[in-house]
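Asks: Quick one: the structure is below, and I'll ask about it shortly.
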Amino acid sequence: MKLAVVSVVVILGVLVAWPVSAGRKDLPGAGGYGGDDDDDTKSLFPLDNLLSLNYYDRICPDFEKIVVTKVREWTKSDSSLGPALLRLIFHDCGVTGCDASVLLDYEGTERRSPASKTLRGFELIDDIKSEMEKSCPGKVSCADILTSASRAATVQLGGPYWPNVYGRRDSKHSYARDVEKVPSGRRDVTALLETFQSYGLNVLDLVVLSGAHTIGKASCGTIQSRLYNYNATSGSDPSIDAKYADYLQRRCRWASETVDLDPVTPAVFDNQYYINLQKHMGVLSTDQELVKDPRTAPLVKTFAEQSPQIFRQQFAVSMAKLVNVGVLTGEDRVGEIRKVCSKSNSRAY
């Protein structure tokens, strides 16, 4: 069964216990923003009971311990892997749902799409899967591993913890043509909202999950059109602060180079991203569009002015929604528990 937004009733008590309500009252508006008339927590808990917080308690009790240990080991030697894992889960969930289709690696898959060429973290997921197969063979899906690893990476970066439910199955198929569903760095807010709403997410989730750009880097190739000869003007995008545009031009002479998405606190999971947007220092055009659009600008302003903890709390809620988009469950014949994350079982040998 494909579920647009799946969860379990048992999580309700956990989420309600989060200190989110204190931050919610500071968010502008209600309808459409996740206020009293649009309670996100209610949409998280349909009565299907197909995923569970304790899914692996008996069949693989060390599941989360293995994930956290491996993420810590890998990010210790390469700190850029933390943001990379967050980006990887976004790209997985944003195509056909959180089904690990992005991990399949053969001709014609999402992973082989030109739009996926800068994705990273695959080797870490493979390492975790290899360890799982030693501890509890055939029990843990790659989709659940990626979901758990993205949270472990977020926490490792100083971000929030959120409760994950498990029991996802892995997709047997992956198609490069589907990658166009992932929001690109050049879409306007209307297009972004249409995409998010198709996932069962709302405008608050859009602004909050965009805040993941408080860490990580952007490929200069994705922003050079904003820096050089913008709209055939021979100059840069006028929506970028002039001094910041000059800085980016000096850092992005070659498409292969990278630049911090947050130039102020690039290694800290905080609300600086929103402060930067208020100062016209958004690296991606989609980031800066959030300040210009009246549907999103009030939220950007709120997260910029409130305590960073408000952003962290809401990020946890929005991530708990995102990682349950379009999952495959135990009743799905189209899903499986892969033996190797990069290959469907029919291709594993």
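Note: Cβ is positioned from N, Cα and C throughout, glycine not excepted.
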Asks: The Ca(2+) 2 site in Swiss-Prot lists ASP262, THR265, ASP270. Which one of THR195, THR214, THR329 belongs there according to the record?
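Replies: Of THR195, THR214, THR329, THR214 joins ASP262, THR265, ASP270 in the Ca(2+) 2 site that Swiss-Prot records.
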Asks: Let me make sure I read this right: Swiss-Prot says CYS341 forms a disulphide bond with another cysteine. Which one, out of CYS98, CYS136, CYS142?
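Replies: Answer per Swiss-Prot: CYS142.
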Asks: Which one is it, among the recorded positions ARG87, HIS91, ASP262, THR265, ASP270, that lies nearest to SER101 (Ca(2+) 1 binding site) by Cα separation?
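Replies: Nearest in space to SER101 (Ca(2+) 1 binding site), counting only the recorded positions, is HIS91.
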Asks: List, in sequence order, the residues of the same chain other than ASP92, VAL95, GLY97, ASP99, SER101 whose Cβ lies within 8 Å of the centroid of the Cβ atoms of the recorded Ca(2+) 1 site.
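Replies: Other same-chain residues near the Ca(2+) 1 site: CYS93, GLY94, THR96, CYS98, ALA100, VAL102, GLU110, ALA143, SER171, SER174, GLY326.
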Asks: Just give me the nearest neighbour of VAL95 (Ca(2+) 1 binding site) among the recorded positions ARG87, THR214, ASP262, THR265, Cα to Cα.
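Replies: If we rank ARG87, THR214, ASP262, THR265 by Cα distance to VAL95 (Ca(2+) 1 binding site), first place goes to ARG87.
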Asks: Which whole-number value in Å describes the distance between the Cα atoms of ARG87 (site 'Transition state stabilizer') and ASP262 (Ca(2+) 2 binding site)?
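Replies: Counting only the Cα atoms, the answer is 15 Å.
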Asks: Applying the rule Cβ within 8 Å of the centroid of the Cβ atoms of THR214, ASP262, THR265, ASP270, what extra residues of the same chain belong around the Ca(2+) 2 site?
Replies: ILE215, VAL264, PRO266, VAL268, PHE269, ASN271, GLN272, TYR273
